[in-house]
There are 2 protein chains.
Amino acid sequence: MPQLRIAAAQVNTRVGDLSGNADLIVEWTRKAAEQGAHLVVFPEMALTGYPVEDLALRESFTDASKAALASLATRLADSGCGALAVYVGYLDADEAGPRNAAAVLHEGRIAATQFKHHLPNYGVFDERRYYKPGQTLDIVQLHGVEIGMVICEDLWQDGGPITALGQTGVDLVVSPNASPYEKNKDDQRLPLVARRAAEAGAPLVYLNLIGGQDELVFDGDSIIVSADGSVVTRAPQFVEHLLITDMSFPGGRERTEGQVGEFTVRRVTLSADPVPTYEPLPLPPVAEPLPEEAEVWFALVTGLRDYVHKNGFRSVTFGMSGGIDSAVVAALAADALGGSAVYGVSMPSSYSSEHSKDDAADLAKRIGSHYEVQPIGAMVDVFVNQLGLNGLAEENVQARCRGVTLMGLSNQHGHLVLATGNKTELAVGYSTIYGDAVGGFAPIKDVPKTLVWQLARWRNAEAEKLGEIPPIPENSITKPPSAELRPGQLDTDSLPDYELLDDILDEYVESDRGRSDLLARGFSAEVIDKVLTMVDRAEYKRRQYPPGTKISLKAFGRDRRLPITSGWREG
Amino acid sequence: MPQLRIAAAQVNTRVGDLSGNADLIVEWTRKAAEQGAHLVVFPEMALTGYPVEDLALRESFTDASKAALASLATRLADSGCGALAVYVGYLDADEAGPRNAAAVLHEGRIAATQFKHHLPNYGVFDERRYYKPGQTLDIVQLHGVEIGMVICEDLWQDGGPITALGQTGVDLVVSPNASPYEKNKDDQRLPLVARRAAEAGAPLVYLNLIGGQDELVFDGDSIIVSADGSVVTRAPQFVEHLLITDMSFPGGRERTEGQVGEFTVRRVTLSADPVPTYEPLPLPPVAEPLPEEAEVWFALVTGLRDYVHKNGFRSVTFGMSGGIDSAVVAALAADALGGSAVYGVSMPSSYSSEHSKDDAADLAKRIGSHYEVQPIGAMVDVFVNQLGLNGLAEENVQARCRGVTLMGLSNQHGHLVLATGNKTELAVGYSTIYGDAVGGFAPIKDVPKTLVWQLARWRNAEAEKLGEIPPIPENSITKPPSAELRPGQLDTDSLPDYELLDDILDEYVESDRGRSDLLARGFSAEVIDKVLTMVDRAEYKRRQYPPGTKISLKAFGRDRRLPITSGWREG
C-alpha cells in the first residue's frame, strides 16, 4: 500500500505581510522536510494572511500575491524542499475577479491551483464581496496517492465539493482553513470533519490558522481523521504546531476525470511511484480541546498579544481602577506580554475610594507591572468650573480626563492604550465615549460581565494550582461594582443585577430574540423594556468603540451591523 | 388605447420607523389620489427604510414589517385610496430567509408580491448577507394595462428581469429604487433607464429615495421614460416630490405566462377594463440635474440635516477655528438647520492667531449662529505640566481639550457635536484621535480639501447672486491653512501642497491604483512614498472616526474596508 508522511503546519500569519509569511512557510516546510514529510499543508490564504478585506480589490496587491507565490515555489526548491508537495493558500485574480485560492508547490513550480467554491457571506465573513467562486477540483497524484483539496467553507457544504471528490475517487483530502474561534466551536468541527471524511471515503487533513487578526482570533484545533472518521491526531489550540502523521492508502478506487456534477475534475501527476515501504512513526498524541474558561482565556491572550505585536507596539497602558474589569485586563496583558510591558495608571478622582487605590496598587505588584498614580482632580476642576458642568456632563468629564491622560502618556512614551470595558456595559451603553472607551484595543469587549468574574476566579485558581501568586486581588472580585463617578455610586443604581442583565442580553443580542420571546421566557416586562431601550440607544456608542478581540459568535460576541439612525424599537 | 395616470412618490423614509413610514405612504397616496392617479410607486423598502442592515436578521422585525404591510393595505382602503394600485417596497421573510420585496396594494389587499432578483454586494451594499433572491415576476393588470416591476439592482442587469419582461410582454415597467448619491451618478442613470425601457418595449418609471441615512445620502432624480427611451419627466434632486404623468398604451403585445428564462411569470388581474378615455394633463416639467458644486452641497446639507433630525437632535455644536473646514461646516449647518440651531465655540490656545478669532466671530455673525469663546490654556497647562508632555503629545493634548470641551457642552446642553475634518486630512491621518476627530457626525468627511475651498467659493458666489451676505469670510478662504498647535505651524510643513496631495489620493484611494501606476502618471517617487505611507498608517485612525455622510464613490468618498493589522505597504 502506498504510504505518505503528512505534515500539517498550524501557523500564525500576518495579513498583508507577504514576505514575512513566505519566510514562515519556508521555515515550517524545512521543519517538515527534516522530519521526512512528503507533503505539508498550510492554512487558507497563508501567504497573504486572512482576511485581507478590501486589499483583495487592489490590483497591486493581487499582483504582489501572485508574484510572491511564484517566488515561494522557487525558494522552496532552492531550500532543498522541492520534493515536498506544499499546499499554500494565497490570493489569486484572473479576468473574472479575485480568487480565494490554494496552490500545490512542487519542484520549484506551481503544480496545481484550485479556487474556493463556496464563499461565506454571513457573520464575520464577506467573501462574496471579494471573490468569484471556482468550478474545478484539482487532484494531485503524489507518490501514487491521489490527493483532493477543499478550502474551508467548501467543507461545510452538504452535497458540495467533498461529495464530488467521493464520486470522482481520491485517496486523501486536505483542507486549508481560516476558521475563527467561537465558544465551543471545537464541538462542531470534529463531527463535521469525521462525516466529510466518510463521504469522501478518504482520510482528511483539516488544518486551521492560529493567531489574532484585528477583531478575529483563530484557534487552530487542526485535526487529521481516517477514512472511517476516527481521529488520528489533533493539534493543541492557540499555539503554532506541526502535526506529523504517517498514513498508508489502500488505493484501488475507481478514478474519473472531467465533469462531476457542477465541478470540472483535473488530475495532475507529480509522481506515480509509491515511496519505498517504511516504518511509520509512532502516532502523535491527540490534544484535548481546552476546558471552557481556559479556551476563552487563551483566545483573549492571543488576540491581545497579536494585536499589540503585529501593529508594532511593545507595551500597553490603561487605567487601573481597582475594579474587576481593569484587573482582568491587567492579568490578560501580563500573560500576553509579560508584566514589564504593562504600564498601569491609577487616576483617582475625589470620588475614588481608598480601597480602590489599594486594590490597584496590589494588582500591579501581583502581576509585576509598572504603576503610577495621576490624580485627575485638577484637570476636572478646570473643565467643570469653566464650562459650568453638572450631573452626567460632570461625570463624563472625569472619564474623559482619564482618556486624555492615557492618550498623553501613550503619545509621550509609545504604549498602546487598552480600553477596559466589558461586553455587558458596551451593550447597554454604560460607558463614556472618548472617556473609558478610549483605546486602540479592547481586550474584554466580547466578555459579558458575569464571565469577567468567572474568568478572574478561574485565573486565580489556576495560579494557586501552580503555586503562583493569584494575579487578581480578591477584593476586586468580591466588591460591588461601581464607576465611582459620584459619591456612593453603584452599577446597580442604573442597571439590573448582572446575572439577569447578561441573561437578557444573551437572548436579545446573541440570539436575536424579540420582546415577545423574552416575555415568554419569563422575564418581567419592566426589566425587558429597560434593557432593550438601553441596548437600542447604545448602538451608536458601540460603533465608535475601538476594534477589539472579535470572537464571532453566540454567547460570546458577534457584532451586529445595525443602522445608527433608526426608528425601530422592539415591542 | 388604455390610459393611466401614474404617480411616482419620491419620499424621505427613516430606517426602522414602520409607523412613520406607513403614515408617509398614506399621506402621499392621498395626494396622488387627489390628483386622479391610478397607480403610485414608492421607493425600494419604503416601509422599512433602506438599508436596514442586520435588522433584516431579526425575526421580530421581519414579522413587524409584514404586519405593517397588511395593515397599510387596510388603511389605504379605509382612507379612500383602495382603487389605486400602490407599489410599496418592504422587508419580507419566508422559510428561505429575508427578502427585499415590493408589494402591490389594492382594494385593502396585498394583490401581488415580488422579491428582488439581483442582490448587490459591493461598495456600500451587503445584500447577499441579508436576502435570498426571488425567482418570480409578478405582472399586474390595472385598467387593462399590464404592469411589470423590477427592484433597483434588477434594472442594472444585462439579460436580467427586464429582458424577461420584454419577452413575456408588458405595457409598463415600474422600478422602486434606493440608489445612493454618487458624484455624477445622474449621468449614468438616464442612459440606463432609457436603454432598459427600449429592451422591455414599454415605458419605465424609475423612482428613487431621497434623504440621508447614516453614511448614505439618496438624491432622488426619479425619471419616467417612454418606450423609445425618451424622457417624459424627471424629478428634482434632494427634495420630496410627486411626479404625475398621463400615459396611454398601445397594447396588442403577445403575452405569455409561466417560465421565461430563469423567471416564473405570474399574472394578476386587478381590473381588465380600461378607464374611460380622458384628457391627459399637460406634461410636467423635466428637472435639470444640479450643476456640480450645487449637487455636492445639497448632498452634504441633506446628509447633515437628516442625521441630526432623524436621531432626535435639534441643534449642533463644533469648534469654530476661523479656518476653512469649520467655516464650510458652519455654512452647511446653517443651510441645513438654520443659524439659530448652530452653536459655534471658539477655543483659542496660546498659539491661536488674532485673525483666527476674528474670522470665527465674523463667520458666526454672517450665518446668524450662537457663538462663545472658551480658551483652552488652563486645561492644557494642567495636563502638560502634570504628565510632563512635549512635542506631538503636547500638540495632541490641545486638540483633545477641545474635544472634551465640546462633549461637555454637548452633554450639558444637548447639541450634537460635529467633527469638522475633511477627507484629505482623514486620509493621511492629519488629525488627532479623540481630539478634532470628536463628534457624532462629520459633514465634510467625504470632501477633499481642494473641494472644500471650491465649495466655499461656490456658496459665497451663490449668496452674492441672490444679494445675500456670503456666509464664509474671505480670509478663511484665502489664508494658508494651519492647525495652530505650535508657533508658526502651517499644513505645508507636514503635507505636500493640497492640489498635489488630492491628485495622489484620488488615484491611490478612490481608484485603487498602485505605486507603479502613480510613477507612470508622473508623480515623483518621493512624494508618492510619503503620501502612501501616511495613508496606510492612517487607516487605523480612520476606523475610529465617527460616522459621516458617506457618499459612495470615486472622486468623492467610498470608505475602504481594510485590515488594521497589516504588513502590506505599497511599493
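Cβ coordinates are placed from backbone N, Cα and C, and glycine is handled just like the others.
As the structure is a computational prediction, the values presented were derived from the model and not from experiment.
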Looking at A:338-359, A:470-491, I want to know which stretch TrEMBL calls region 'Disordered'.
A:470-491
According to TrEMBL, A:G319, A:M320, A:S321, A:G322, A:G323, A:I324, A:D325, A:S326 bind ATP; so which of A:T420, A:T424, A:T432 is the extra one listed there?
A:T420
Can you tell me how many other Cβ atoms are located within 10 Å of the Cβ belonging to A:G319 (ATP binding site)?
29
A:E44 (active site, proton acceptor) sits from A:S321 (ATP binding site) (Cα to Cα, rounded, in Å) at a distance of 41
Filter the recorded positions A:K116, A:Y122, A:S179, A:G319, A:S321 down to the ones with a Cβ under 8 Å from chain B's Cβ atoms, keeping sequence order.
A:Y122
Would you list the DSSP helix, strand and coil counts for the residues of the region 'Disordered' (A:470-491)?
6 helix, 0 strand, 16 coil
Nearest-integer angstrom distance between the alpha carbons (Cα) of A:C152 (active site, nucleophile) and A:S179 (L-glutamine binding site)
7
Please work out the mean pLDDT for the residues of the domain 'CN hydrolase' (A:4-249).
95
A:K185 (L-glutamine binding site) and A:G319 (ATP binding site), distance between Cα atoms, whole Å:
33
So how far apart do the L-glutamine binders A:Y122, A:S179, A:K185 get, largest Cα to Cα in Å?
16
Please list residues from the chain of A:E44 (active site, proton acceptor) whose Cβ is under 8 angstroms from its Cβ, counting only those at least six apart in sequence.
A:Y50, A:G89, A:N100, A:A102, A:I151, A:C152, A:P176, A:N177, A:A178, A:L209
C-alpha spacing of A:K116 (active site, for glutaminase activity) relative to A:K185 (L-glutamine binding site), in angstrom:
22
